[in-house]
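Contents: one structure, followed by commentary.
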């Protein structure tokens, strides 16, 4: 059966969502950016605000951004695929295997083309499946609106759109969950779902699962997938600039809280979504309303991520297809926006300013960032077209990605946590990990399956060997080379980056000029303290931003910035709060990792336990509770944290 089996919406619906919703958010961001520049101290025409959101984002909004940025097309589609293939073990291992990296990243947050194309590949496949829209048109149009609103609003725009996307995502996930397990006519209860899964296991038992059941964590292939997910997810978190950018968009101590909360909140997305739609696809395969009935879905349909599309169409018809189309579009665009601003920041500051034009003005840096966003958006689309044309689907790319990037995980992590790591150790570890991963991957595929094809190289054992070889070789080589030839890096020199000369700061210790007294027009805290500013181009950026700032607005802006810089200086001089945050991050990360990846699944795997109806009901209830907790963290908490700001903001607009 072709993927057109799930086409329940007209082609116009596909274009309407991809173009209409995309540009709705672009115009919304245009309005928000105008209000921000006019009524707050944050101006998107400065490189500090554009690329780091002035390091002023609170933990709740960062947690919401993490949830949104880590919710790829694969989060929704691949998690449903493994749920269809392995049963309840698939969603659990998808969530547990990828939550660990976010939790571990909280430790690093104390210190400070492939992914993008994967986003578009999975998203465009389902848009095409549901609406019949041309797949190449979808690939190029999806990032178009994203590029527009990222160029307009910078990093803060990605956080604001992430929040709105996360809100919509949570509402639609709960919509699917309540329909499947409470109100729907096809299933309607956990008990009915359990009975349908038992029937499916009797007719189509799962290889490697205890008794062939869909309701067990004793799943050999799901466990293998979990290990692959650990390796692959480590690379996509630790090596993705989008996560580092979110770490520096807040103060170090609050970033720890944000990443721990974000990891816990994100777990609910694949767990709740695929425990609903992925499992429902298994239960409803023999139902006349299932799109491929009376045939089973083809393996190519499933690996392309269409299990969720089929079950959404079966459960809710056109409304289910529209809901899935919207939630998938939200997932792809929010993550794509994070990748766009992250890559633009890297190319602008680590390539253009570092090697091409060190004396670049702030306005030229903003211009280069805009150009990089457009180029990378086009690059993502081109690579997604290439994958589609040569027959590479989301499932293959997801499994193989880890072995291509896994070798650099430990070199990157050690670069900011271990003073003894040397440049030679980091480079050799990353390169040798890549080589070892490729060799292990191809040799295993050839030995096990007798051929080197897309099918054989995408099998679990082949990708497992490649992922493990890449990440472990990178670890061994980087440690060995660094121990033989350590560099013993002096961390104190990093504090001098962009620091202003002492005589400059002393010269500024004078009474405010006539332009610096008066009106507290722009929103901000007041804390009359003087502290050094770490951004040497700040004053130049203000003038180039071209905004007229009344005198008292300058005073309010300076007072708030002084308070923030004083807080940073206190952390450097008396880093007890940072050490405390680091300790909390370590304890929380390791404890939660142990619970998710060992304490819960391993005993159930070794005991070969098959869920009873009561236990399965409890499992579903836990997924509901976790989604509600995730909603509280990523939707409600940001509102609570910013209530004071919005009160001042509205008051400021009314007074004008």
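Backbone N, Cα and C define each Cβ position, glycine as well.
Within the listed segments 41-58, 59-76, 167-184, TrEMBL records transmembrane segment for the stretch 167-184. Here the transmembrane segment (259-284) lies next to the transmembrane segment (618-640) in space: the count of CB pairs under 8 Å, restricted to residues six or more apart, reaches at least 3. Proximity of distant same-chain residues to the transmembrane segment (464-484), defined by a Cβ-Cβ separation under 8 Å and at least 6 residues beyond the stretch ends, is recorded for 224, 227-228, 231-232, 234-235, 400, 402-411, 414, 418, 420-422, 424-426, 428-430, 432-444.
Contact between the transmembrane segment (581-606) and the transmembrane segment (12-35) does not hold: fewer than three of their C-beta pairs are under 8 Å, each pair 6 or more apart in sequence.
Two recorded stretches are said to be in contact when at least 3 C-beta pairs lie under 8 angstroms, sequence spacing 6 or more; the transmembrane segment (618-640) and the transmembrane segment (321-352) fall short of this definition. Sequence-distant contacts of the transmembrane segment (167-184) (same chain, six or more residues past either end, CB-CB distance under 8 Å): 68, 71, 190, 193, 269, 272-273, 276-277, 280, 312, 315-316, 320, 323-324, 326-327, 330-331, 620, 623-624, 627-628, 630-631, 634-635.
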